[in-house]
Structure formats: structure tokens, C-alpha cells
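Q: Sharing the feature lines straight out of TrEMBL:
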type	residues	note
ACT_SITE	2	active site, nucleophile
DOMAIN	2-218	domain 'Glutamine amidotransferase type-2'
DOMAIN	286-426	domain 'SIS'
DOMAIN	458-599	domain 'SIS'
ACT_SITE	604	active site, for Fru-6P isomerization activity
Ligand code: AGP
């Protein structure tokens, strides 16, 4: 999604803003732009495509300034084009960058046009800059003009605003979209996330919903949604500028796949005393909350939703905890029936997914008393709005395709199954088994990563394919879904997942020699059933790739390629079987030459509906 970086300093901010934009590239975008004020004039550069194009444009015709705003745009209103790229400018004097969607832009556009403002883009954002310019004519003060503009805006926004008559002032505000202030020495910056600002500071202020901030080189004043002056805490980040570096890897995604053993260890760290999981791992009031709840409702999107699907099996099968799960974008509009003593669990790597946030708010409106988030982004909106929190501590995930965030979500969910399950029917034996398997998980992840070369060779079978099917059963059906999502996201191959028992109810019609069928087949109580499904595919000439640690039986079937997996306990096998599927999609994407870390049309942090 769109990314904002801006700053006010006693030095030229252009290189800082360009570096910041590069660090926001992972969020997904289609154009980039930057504007500065120099000698009382606004200078702007915009380019369709990558930030390096913008950088080249500026190198060829340099601009500089001690105040500037910059942006990567992910098109929502109006196609990707230079004309639609931010910053947008009004009356040659006001410039704005925006993340979010202004829902009433049509109405505002009509009234601004009637008042003589000419629009040069198709964006919803342009109404904001003209509205501020219109208010400036009345208020003659930048902060006042922004404050009187905001009540006219319906929807979500994070904004950076500057005015050529006030080159000493930068305004930042947010509602529904994230925005953080970077605190420097004699300088301030704003950005959509802290990654953009790590080269200049590790001290951050997270703006709250409705906040408006006025920044000068030596002063920062924040007003809350009611207009009252407020202090917001400064948070010291542990992240360093090089935490978001590819290191020896060709892509962030590959690096992140390889970081999973470490990420899992980090997620487990400090949550146990001996072998006993502490309720307090989820927050100080966790024990009290867990004692009261009667069921669990999981809400999430995309990959995080798949993690929740696995957890539903665990909650119900191991602990008899009634557990429902729904895609957040559906839940928020369905007017669901939910009882107040349900624990609403949201799962999100970014903590900013607009649908998940809105679904949580909807659940609260419906009377739910307790919420818990599993999240990888400290200080994110979901973390701030939830009663209980478990951070996944996977470190920054830059590749748009989620990998280590997913496996650490599963680890966090297993811990939640223990903590809640104890209050239901989870036996001591099961608890001990889960804990010991969790402790052994990093070692098993290292083992499965050794399959990388085998999977790289296997990927050649997919390079010329248009479609693929993924099959699994039980907890491995969501893993098949995750495998299919990864493949389509980064290789653009159409991939679908089915619970293998559903094959004969329709998808079997798709099977022919052109259809690779990836099957996730660990040695568990469903393996015999799955073998029959495999036979159904093989008999029709389907090309099977089976990930398994057991044996198939008649093994010389030329339609079947078996990838031998390490044997692991059933409880952790969904985590282990995810990893070869991540590697498979990665290698197929590399072969196809796609943009692995920033696949087309996608964004890392989906902050709009
Ligand atoms: C994962 O590979 C995807 N990029 C996407 O499905 C993602 O999981 C989804 O947008 C939810 O994001 P979140 O975890 O940040 O809420």
C-alpha cells in the first residue's frame, strides 16, 4: 500500500526521503514522487514505476530542500501514472502525500471544482490538497487549515502536508492509516512505518487515531482527536538500519524462509518457566480473561487466515474449545451473532490490515468483551486496540509473500491452544507433548530447509504451467491453501487448494497431464484416505508431487514424484510442511523471472478496504 516519508531538518532531506522510499518499497507500489520547498517555491518530481526511476530523475535534474514530503503510490483511484502519483499540489503553494481512501471524494471534487479548483489527477487525494488550500484562504494558518479540512474527509487517511509560505512547518495527521514520527536531533521525520526512518533515528512516536501533529526543526506539538494538546510517548526501537537488509540472499523472501528457525526460537523465548507456558505471555490480564471465555472467534485475512484455520483444528480437536474462524472482510459486514464471552483472536503480521481492524471493532460493537492479537508489528493499530497481545517476534518481514510471519503465527497459536485449552479439556500429557515439540521445532526447520536443492530442481516442472492444484486433509488442508496462495502471489500461476476428499465433487474434471497436483501427505490418521485421493488423480494422468514422510505403496507410478520429508510429530507437521511449499513457490517465481519480493498489484500492508 501507499508509503509516506517526509521530514523537516537543517540539512537537505532529499537523500533521506529517497532512502526512506526504498525502505518502503516492500509495501507494494506502482509510482513514486517527492516534493521539497526551496527558496519559498515547491519543487516536485514524480515517476511511474520504481523508486530508482525517481532517483535517476532527481540525479539528472537535482532538487533540494530542508523540508520535503515523499510517497510511493499503490493505485486505488485512477490508474498508475505520473499524473496520479503523489505529492499533489494546489495553487502552487500546498503539497500533500496521502495513504488511505477519501470515500466522499466525488462530492468534495464537485464542490471544489465549482469554487474554481482545477484537478490534474484522477485521485481521491487531490481533493485533500485543494480543500486545505481553500481553508488556507480563510484561516491563513497551515495548522488551522488542516484542522478545519479534516472534518470534511470521510474514510481513512495518513497525511503529510507542507505549505510554501511556511517552510518551517510540516503537518502530519492520521485516521485509520498508520503514521509514525521519527525524532531526530534538531530534525523530525514522519513515515508510514519505522523501517523507512531507521537510518536517521531509532526514536519514534506512534500517532494515535485522530492525532494532528505540527513539526518544526526544534518542536513538536500533537493534538488529539478532540483538539486537546497531548504528549505521546517516545519509543526506542531495537531495530537497526541493517535489520532490513537482504544480506547474502538474492531476495528478502529467501532470507526470510531461512530465518524461520531463528524466528521460532525468538517467539518461544521467555514465554515458559521450565516447561510451563506462562499465561502472562499474552499480557498481565491474560489469566483472568482466559478463565472467563467460553469460545474463540478468529478473524484474519490471507496467510494469517490460513494460520487461523490450522488453529481451529487444534482448538477443537485437542482441547474441545469451540472455535470459529472467518475472513475479516466478510465478518465485518455480516452482522454475525457472537456471544460476549467469546475471545476474539485477530492474527496479522502487519497489525494494520484495515479489514481485520474493522472486524475487531465490529466484534467489540457486538458486545464482545475480550480480544487478543497475534502480531509481528509492535505498536501497530491492532496491538493498540486489543486487550491481550502475543508478539511473534519474527523480525521485519519485507517480502510481500508472508513466510516467517506465518510459521511464527502457528507457534503463537499453539501456545494459545495450551493456555486456553488448559481451562477446557487439554490433558497434561498433550500439553507436555506440544511444549516439547515446540522446543524441538527450530531443529526440525533446519532439517527441512536441507530440501532446498531438491525443490529447486522440482520447480522446473512448474515453469511452463498455467495452473496447479494443492491437496491436503485436516490441519494440512490450510497448509495446501497457503501453498497455493504463495504460488499464485509470486509466480502468477493460477493455483487452487482443495481438501483432498472434495476432489471427486468437481475438481477431478480439471485433471490431465498439464495439471501438477501438489499433495501434502504427512504420516497421520488421514494418510490412507489421502492415498485413495492420490490414486484418483494418478489414474487420470495427473502429475502428482507428494510431500510425505511415509510410503505410498506401489511406488513406481511414473505420474508420482515423492519428496521425502523428515518425520516429525503430527502436532508440528503443519509448520514443517509449509516450508517446502514456500521454497517451491520461491524457485518457480525465480525461474519465471517475476518480481519475487514485490509481486505485481500486491501490497505488504493492506491499509485500505
Ligand atoms: C501473504 O503472503 C499475503 N501477502 C497476504 O495474504 C497477507 O497475509 C494478508 O494481506 C494479511 O496481512 P496481515 O497478516 O498483515 O494482516
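Even glycines carry a Cβ here, placed using N, Cα and C.
Walk me through the surroundings of each of these features.
A: Under the DSSP three-state reduction, residue 2 (active site, nucleophile) is assigned to coil, being neither helix nor strand.
Counting only same-chain residues six or more apart in sequence, the Cβ atoms lying under 8 angstroms from the Cβ of residue 604 (active site, for Fru-6P isomerization activity) belong to 1, 26, 27, 28, 350, 397, 398, 400.
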Q: Given the model, what does the mean pLDDT over the domain 'Glutamine amidotransferase type-2' (2-218) come out as?
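A: Across the domain 'Glutamine amidotransferase type-2' (2-218), the average pLDDT comes out at 94.
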Q: Using DSSP, how many residues in the domain 'SIS' (458-599) fall into helix, strand and coil?
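A: Result for the domain 'SIS' (458-599), in helix, strand, coil order: 63 helix, 28 strand, 51 coil.
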Q: Would you count the other C-beta atoms found within 10 angstroms of the C-beta of residue 2 (active site, nucleophile) for me?
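A: So the number of other Cβ atoms within 10 Å of residue 2 (active site, nucleophile) is 29.
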